Amino acid sequence: MTDTPAGTPAADAATPETPNPETPTLEIQGLRLNLPGAARPVLAGVDLTVAARETVALVGESGSGKSLTSRSVLRLLPPGAATEGAVRVQGEDVLTMNAKQLRRLRTHTAAMIFQDPRAAINPLRRIGDFLTESLRLNADLPAAEATERAVRMLDAVGLGDRVLGQYPGQLSGGMLQRVVIAAALMGDPALILADEPTTALDVTTQAEVVGLLGDLRDQFGTALLFVTHDLGLAAAISDRVYVMYAGRIAETGPAEALFQRPRHPYTAALLRSTPHLDAPAGRLAAIEGRPPSLREELTGCPFAARCAFATQQCREELPPHLPVRGESSRLVACHHSEKLADQLAGSVTHD
Amino acid sequence: MTFLRFALRRVAEMAATLLAASFVIFGALYLAPGNPASFLLSGRSASPEAMKAINEQYHLNDPFWEQYLRWLGQVVHGDFGRSIEYRTPVSTLLGSRLPSTLMLVAMALLLVVVIGLALGWIGAVRGGMTDSSILVTTTLAVGTPSFVAAVLLQGLFSVKLGWFPSSGSGTGFAGMLWHLTLPAIALALYLIGMLARVTRSTMLEAMGHEHVTVARSRGVPERQVIHRHVFRNTLGTVLTMGGLIVSTLLICTVLVETAFSVNGIGQLLDLSTTTKDFPVVQAVSLLIVGMFMTVNLVVDLLLPLVDPRVTLGTRGVSA
Amino acid sequence: MTIALVRRPGLARIRSDRSWLHLLCLGFLGLVVVLALFAPWLSPHDPNAVDLGNALAGPSGAHPLGVDGSGRDTASRLITGARTSLLGPLGVVVFSTVAGVVVGVAAGWRGGWLDSVLSRSTELVFAFPGLLLALLIVSIYGEGLIAPVVALGVAYLPYVSRLTRSLVLAERSRPYVEAYRVQGHSGLQICLRHVLPNIAPVVLAQSTINFGYALIDLAGLSFLGLGVPALTPDWGRMVFDGESAIQSGYPLCAILPCVAIVLTVVAFNVVGERWADQVARRDR
C-alpha cells in the first residue's frame, strides 16, 4: 500500500510541536489489523504518536477502529487478529513483547479507562481488591503498601478510603468511574488510554470526570490518549486530534487549527453534525450514508462514497497523508485538500 | 442485621415447606384404596390382634389432624414408628444402614464436585479438541442412568476384570472404600456430566464480561484472571445446584445400592416399597426431602458470602 | 433424576455447527418410534417365548442379538420393549406439559395471590425427586405403570410451569399485548391466540428434553422391578433381568438394553437442546 512510506514522515512531522523531543510515550507506526471474516483490514495503516505529558484525542464514528487502535496499545486484541506494523510504548514494541513484558506494560506503563465503569469492575469483589490486585498478584508491592497507594489514589480522585471495603453495587456510576481512574493510576503509568470514558455516564457526571482526568494528567504527568466520538469533548481536553475513518487516519493536527480550518471533508462533516452551545439550533447536518462495512473491500479513498466533493480520482486512488502547506504539524489524507481549504473552513464557521 | 433477618426468613420458609412436605408424606397414606389399617397390613397376617395393634400404634381411630400432629411430634423426636416388615423401630433400621449410604453419597459427591468442576473448567479454558471431547463425554454421561452405569461397571470391573467386589458394602474404612468405589462412580456419573456442562457454559458466559478484559488489561496474570474473575463468578451458580445434587445422589442410591447389594438406605427404600412397608417409606422420603431443603438452606445462607449482591437485593443480574 | 430443566442456563452454548449430530439423533429417534409402532410385525420372535434349553446363547442366525437367561430373543424384546419404554415417558411428558402450561399461564397471567399459591406449591414439589414421588406412589398402589406415570407427571410439572410462568411474564410485558387489550380483546383471547403460540416452541423443546429424563426415571423403576408388570418387555426390566446373566459372564442381553436407553436419552437431549437453542437464537 502506498500509505506506509508516506506515514513514516508523519510521525517526524509531528515531533517538533510536542513538548518533549525524546522518545514519544506512544508511537504507532503503520499498524494494520486483520480479522478473520473481514474483507478489508480493520486498521489499515494507522500512524499515531503521543508525546510525554501530551493529551491526544482520537475521534471517529463507531466502527472507525478508534477503540481497536487504543486497545492495541495494551495488546487487547480480538481473537484471531493478525497485526502488522509497530506499537511502541516508551520505545518498546508492544506487539512483540513476551507475556512477562506485557504484564509489566499493563501494570506499570500504560493503563486503560473503560467506557462503562459498572461493567469494568467484578461485582463480586471489593473495590480495595480491584484497586490493588494487579500490583499484588504480580508481586510488585506487598498488600499493605498496595492498599496504602490505593488510599492515596482514591484521595486523588476525590473518594475516601471507606470505599475500599465496599462492593461495586454500593457505589454510583460516577463514583465507580472515579474508582476506575484511580485503578488506572495505581501502577504510576506514563500513558493513560481513555476509551470513551464518559459515554456511559449522565451529563453532569461527564463534566466532572473530564475535569478530573485533566487535573490528574497535570498532577501525575501522564500522557493521555482520549478516544471519543464527541468532537466538542476532544477539542476541550486535547492538544492534538486524530480523526479516524474506516481504519485510517483521515486528518491530524493541533486541536484548535483542525476545528477552525478542517482540511478533510470528513472532519468538516463531523463538525457540522456536532452541536455547539454557541451556535444557533437547526444547523446540524447528519452525514449522508453509512461507514463502509467490513464485508466490502475498499478501493480509493474510504470516504469517497459519502463525500460531496468526490471525483473519479478519489474512487480509484488512496490518498496519501500529506502535510498541509504552511502548517507543518498537520497531515491530511485527501486528494483535494488544497482546493477545498476555503470551502471547508467556511462550512463550519458559525458566528 | 440485614443478614440475620434474611437468615431468619429463610429458616422460617424452609420450616414451612418442610411442614407441608411432611403433610404430603403423611397424607399419602390416605390415598390408598381401602382403609389405612388393611393397607398397612396388606399381604400380612390380618388377625384381629394385629389389626388392633396397628390401629393402636397408628391411632387410626383418631381424627386425621390428631394423627398427623402426633406423628409429627414423634418424628421431631426422631421416632418414625415401627417397621411393619421388620417389626423394629424405623429409626434403628435407618441408623444401622446410614453409614454405608453416607459413605457412598460422600464419595460420589466428592467425585461430582472435583471431576465435574475440573472438566467444566478445562473445557471452558482450553477450548478446541479438548473441549469437544469433554462435551461428547459429558453428553453421554448425562444420558446414562445410574443403574445402567452400575450394571456396566459391575460387568466390566467386577465380573470381567475382577478388580472390585461386585456386591456388599465392606467393613472398616478401607473395606468400605474398596466396596463402594464402583457404586460411587455409578452414582456420580450423571451428575459429573451435568455439573461439568453447567460449569463450562457458566464460565464461558462469565469470560465474556468486560471486567475480565479489564483485569487482563491491568496485567493480572491469566491464571488469576480465570480463577478470580471467571471461576469465582460461576461459584454462585454451582452452589445453587447443591440441593439438587444432594437429593439426586440420595434418591439414586435406591438404584445403585440395589444393583450392588449395598445394605444402605436406598436398598431399604427399594425393599420397603416392594413390601409396602409404609412407615419406612415415609421416613426415608422425609429424610431425602429434609436433606434437599437443609442443603438448600445452607446454600442460601452461604450465597451472600459468595455473591454480595444477594444481600444487596439485586440478585438475578448475573455476572 | 429431575434435574433436567434446572440445567437450562447450562445448555446455552453447546452445539451450533453440530447439525450432523442433530440429524443423526433425529434419525435414531425416528427409527425407535417406527420399531415401537410396528413391533408386532418387526419382531423376529415372540418376545416372551421361553426356551430354557437355549438360555444365554450368543448371536446366531435365528437370534441375531442372542437370547437372555430364559432363552427369550433379545432383538424381539428390544423392539417390543421400545413400546413401553416410550409410552410411559410420553404419558409423563403430555401430563406435565399440559398441566404445567395451565398452571404456569394462570400464575404468570393472573399474578397476585394465585401466583404466590402456585409458586409455593411448585417449591414444595421441587423438594421431591421424581423417582421418590414415584416410589411413594408405588408403595401405596403397588406395581404398575399408571401410578408412577402420574407421579412423575406431577414431579415434572413444576419445571414446565416455572418455565411457562417466566415466559408468560416476559410476553405479557410486550407492547402488542397492551395493543390488543386496547382494541378490546379479552385476556383469555390474547392468551390463547397470541401468547401460547409464542411460548410454545420453548416449552415443547423443554418437554422434549424431559422425555429423556422421564425415560430414565421409569426405566429405573422397572430396573427395581416396580414399573411395568414382570413379563412385559421393557428396557429397564431387561437390564434387571440381565443382571444375573452379567454375573455369570454373559453380558450381551443386559448391555443391549443399556445401550438402547443411553442412545435414546442422548438423542432426546440433543434434539431438545438444539431446538431450544434455535428458538433462543430466533428470539434474540
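Backbone N, Cα and C atoms are what each Cβ position is placed from, and that goes for glycine too.
These numbers come from a predicted model, not from an experiment.
As annotated by TrEMBL, transmembrane segment applies to C:20-42 (among others). Sequence-distant contacts of the transmembrane segment (C:20-42) (same chain, at least 6 residues past either end, Cβ-Cβ under 8 Å): 79-80, 82-83, 85-87, 260, 263-264, 266-268, 270-271, 274.
Taken from TrEMBL, the feature domain 'ABC transmembrane type-1' applies to C:82-271.
Per TrEMBL, transmembrane segment is recorded for C:86-109 (among others).
Same-chain neighbours of the transmembrane segment (C:121-140): 1-2, 103, 147-148, 150-152, 154-158, 161-162, 213-214, 217-218, 220-221, 226, counting only residues six or more beyond its ends whose CB sits under 8 Å from a CB of the stretch. Feature annotation from TrEMBL assigns transmembrane segment to C:121-140 (among others).
Here the transmembrane segment (C:146-164) has long-range neighbours at 2, 4-6, 8, 88, 91-93, 95-97, 99-101, 103-105, 107-108, 118, 122-123, 125-126, 128-130, 133-134, 136-138, 140, 199, 202-203, 206-207, 210, 213-214, 217-218, 221, 226-227, meaning same-chain residues at least 6 beyond its ends whose C-beta is under 8 angstroms from one of its own. As annotated by TrEMBL, transmembrane segment applies to C:146-164 (among others).
Positions annotated as transmembrane segment by TrEMBL: C:211-229 (among others).
Residues annotated as transmembrane segment in TrEMBL: C:249-272 (among others).
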Cβ under 8 Å to the transmembrane segment (C:86-109), counting only same-chain residues 6 or more beyond its ends: which ones? 32-33, 36, 115, 118-119, 122, 145, 148-150, 152-169, 172, 187, 191, 195-196, 203-204, 207, 210-212, 214-215, 217-218, 227-228
Please indicate, using numbers and ranges, the residues of the same chain that are 6 or more beyond the transmembrane segment (C:249-272) and have a C-beta under 8 Å from a C-beta there. 15, 21-22, 25-26, 28-29, 32, 56, 58-59, 65-69, 74, 77-78, 81-82, 85, 205-213, 215-216, 219, 235-236, 238-239, 241-243
